[in-house]
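Participant: Would you mind keeping the following structure in view while I ask a few things?
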């Protein structure tokens with residue numbers, strides 16, 4: 001029993017970072033932009049949050065956890081948005097190819113994160129690894145009282161606040177996309193920008209906003225990983241391939257934020273499953289680690305078999321829009 | 001209301017080669033200025049010193065020159081492999097995985113067959129095996145794309161990570177010494193399965209193989225009937241179908257070629273330079289090569305220039321980073337900046353901006 005609770009807990013912890021990334025990517029893809037730069041953007045968000053907190057904690061006598069948290073949140077969101085903005089300028093205004101631009105952004109963002117993660121303390125004149133324990137404590141703080149309830153407390157209330165932000169965000173996003181006028185417009189832009197344009201919707205504006213805000217949200221995934229999961233430290237490539245898992249999760253969730261919630265927990269569970277199955281050899285463990293990707297491939301094939309309209313990617317996904325080109 | 005914008009843009013019908021080159025040169029210069037500014041901001045180095053250090057890092061000694069050439073060749077090989085797929089507008093994002101599988105097959109041959117067959121046979125087996133490995137890895141997503149129109153961008157992307165797990169799976173059996181979780185240099189004593197040095201040059205065969213592939217691919221795409229079919233499918237699926245081209249067949253054939261060449265790139269990495277295998281054997285080259293192939297607009301000779309330019313900058317940035325004790329990821333940042341500028345430059349090649357006249 002105890003192991004199962006820990007397993008569920010760990011699966012959720014693994015899943016939330018991916019969930020942020022997937023939420024950002026769903027919003028982006030709904031506007032017709034396939035942003036393969038998400039993994040890089042998540043690195044950018046993570047390192048920017050860490051740097052913000054680092055300079056704050058270094059510059060003040062008695063750093064306050066709450067202020068550090070605010071600073072790192074803002075830094076992470078803005079820096080990730082900057083990544084989204086680069087992508088937007090190149091693909092929307094300059095009509096560069098989306099796949100190529102996204103991959104370039106991932107190269108850039110991953111390098112950006114690892115570079116500053118490894119060098120920031122040296123550049124600031126210090127030595128050793130950076131650690132922002134004060135700020136991280138704000139992210140790791142659990143709900144007092146509730147988290148002490150046995151079983152229910154451990155499964156539902158034993159996480160930092162970002163977990164609940166991620167869940168709330170999925171619900172809000174779902175409401176926005178499927179229940180509001182602006183959400184409808186956004187989906188129209190993603191499905192068929194030509195028609196949306198003819199209906200008087202400002203295609204570029206929707207694409208820019210969705211991509212930049214989506215990038216900002218994805219950046220929080222990196223921040224979550226750095227602050228709550230790693231306790232305010234940076235390890236090179238520590239974030240690993242979770243960014244691509246986020247892209248995979250979007251497909252798995254069939255572009256629906258609510259599906260992404262349980263999908264992220266499932267992915268998190270698959271990601272760590274090998275640790276909990278007794279008697280696995282090292283080599284079998286490695287096979288198990290491929291599970292999230294294999295499952296995604298199966299879902300991808302499955303939705304292309306079924307051809308159900310609601311489950312398909314946005315029709316205009318991956319294509320630049322140029323009004324004068326028909 | 002309804003103010004006329006100052007400028008309007010329209011698609012160019014055509015562009016002269018001179019203009020095209022000028023646009024790219026301008027983009028690269030701008031990128032270099034931004035890169036230097038970033039470096040100067042970080043390490044307070046004299047900007048001219050930056051360029052000198054970059055040059056030193058990439059071409060400063062004959063050993064460095066050969067490392068730059070070696071890495072250029074691998075990047076070029078993958079890009080050449082991707083060219084037909086991309087020309088067909090088939091988004092093969094899975095080169096990384098195809099390279100890894102090619103590398104795994106090569107390594108497996110080196111480990112299991114080195115004392116069973118003569119060296120020449122071994123190397124030929126490795127070459128063929130890696131090509132077949134990459135081919136299979138490339139054909140799996142293509143099969144689904146051809147029959148059920150499954151999204152190939154996402155499918156090939158996922159295949160990369162499955163390939164990485166295949167590599168770590170194999171490492172569990174091959175690790176040497178035990179417990180190190182890495183394979184180490186394979187056949188260090190006998191050098192079995194290593195591409196042999198010719199006249200003291202360890203990379204002779206790398207040059208030969210990649211040159212042959214580059215020229216052959218250029219001819220294939222430009223002058224063969226199959227290459228023409230690839231171009232038609234790339235322009236429009238429907239046009240190809242009306243013209244009586246069997247689109248599924250062309251797709252499968254082209255991706256078989258694409259995957260096989262990427263597999264060979266894995267062979268070159270394992271047999272021709274690293275002599276080992278790990279998940280970072282491909283080291284993101286599969287992704288960078290996509291950008292190379294795209295920038296060169298599938299012209300394999302232009303790919304040589306672009307691949308060299310990117311590796312040159314990467315080596316240079318690594319040099320600067322090590323001089324200042326910073327980490328080597330600086331080179332990815334530089335690479336990213338240059339790519340952003342080159343991607344942006346494409347706009348000015350495809351479109352022209354004119355002032356609106358009253």
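Cβ coordinates are placed from backbone N, Cα and C, and glycine is handled just like the others.
Heads up, TrEMBL stuff is auto-annotated, nobody curated it.
Note that the structure is predicted; figures quoted are calculated from it, not measured.
Feature annotation from TrEMBL assigns transmembrane segment to A:36-56, A:68-90, A:156-178, A:208-227, A:262-281, A:287-305.
How about a rundown of where these features are and what they're close to?
Facilitator: Nonlocal intrachain contacts for the transmembrane segment (A:36-56), taken as residues 6+ away from its ends with a CB within less than 8 angstroms of a stretch CB, comprise 17, 20-21, 24-25, 28, 63, 67-69, 71-80, 82-84, 87, 98-99, 101-110, 112-114, 116-117, 120-121, 124, 130, 132, 134-136, 215-216, 218-223, 225-227, 232, 234, 239, 241-244, 246-247.
Listed as Cβ neighbours of the transmembrane segment (A:156-178) (distance under 8 Å, sequence separation of 6 or more from its ends, same chain) are residues 9, 12-13, 16, 19-20, 23, 26-27, 30, 139-143, 146-147, 149, 186-187, 217, 220, 223-224, 227-228, 256-258, 260-261.
Residues 3, 7-8, 10-16, 18-19, 22, 245, 248-249, 252-253, 288-289, 291-292, 295 of the same chain, all 6+ positions outside the transmembrane segment (A:262-281), place their C-beta atoms under 8 angstroms from a C-beta of that stretch.
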Participant: The transmembrane segment (A:208-227): which same-chain residues, six or more beyond its ends, come within Cβ distance under 8 Å?
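Facilitator: Long-range Cβ neighbours of the transmembrane segment (A:208-227): 16-21, 23-28, 30-31, 33, 35, 37-38, 41-50, 53, 72-73, 76-81, 83-85, 87-88, 92, 113, 132, 135-136, 139-140, 160, 162-163, 165-166, 169, 186, 189, 233-234, 238-239, 242, 246.
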Participant: Who are the long-range neighbours of the transmembrane segment (A:287-305) in its own chain, taking Cβ under 8 Å and residues 6 or more past its ends?
Facilitator: 245, 248-249, 251-252, 254, 267, 270-271, 273-274, 277, 280, 311-312
